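Sequence annotations record features per position, and here TrEMBL assigns domain 'Sulfotransferase' to 28-186. Look at TrEMBL and you will find 41, 49, 166, 167, 168, 169, 170 tagged as 3'-phosphoadenylyl sulfate binding site. The feature disulfide bond is assigned by TrEMBL to 149-161.
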């Protein structure tokens, strides 16, 4: 991490931190006062999105259903598959809570980040102790991608939108499979809601 003055905030991001077992200990040993921002979304949608992205790179992989279930007729979900395991948020959070206080963490709703980006960014700024500078005037809805983008920053001639891998159409999954996965995730979601004190309404 770069050297940072008391008046500055340094941010760094990667999706894998939250689910990497060694990450909390390593980050805590660097600075146990670090603030952590975690973006979470419906774990079923997240798993389908994960699969869709992998499929675009490796078109020969098995179907989503084959990877997601040990036995589909019995509804036995394969929680060892990474796309499924990542969405078991409470398991990862319990690991982080061994090293950080819950008050050091802020959970962003991936769904609300799409429907109300300014509201979610406002809460992030509050959590970081910043003045609310980013507001709804900084966003526009990109119909092609299906989510908000930042309007043109002063230093650029182009608006800022997420890359080509974001916003792609998800693979179509049978409703029965989605319901089985919702049932699988429900107890994990409930415990996650109770722990963070926030209902993300994924059911």
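Backbone N, Cα and C atoms are what each Cβ position is placed from, and that goes for glycine too.
Cβ environment of residue 170 (3'-phosphoadenylyl sulfate binding site): 45, 48, 49, 52 lie under 8 Å away, each six or more residues apart in the same chain.
In this structure, the CA atom of residue 41 (3'-phosphoadenylyl sulfate binding site) is 18 Å away from the CA atom of residue 149 (disulfide bond). For residue 169 (3'-phosphoadenylyl sulfate binding site), the same-chain residues that are 6 or more apart in sequence and have a Cβ closer than 8 Å to its Cβ are 52. Within the same chain, the residues at least 6 positions away from residue 161 (disulfide bond) whose Cβ sits under 8 Å from its Cβ are 142, 145, 149, 150, listed in sequence order.
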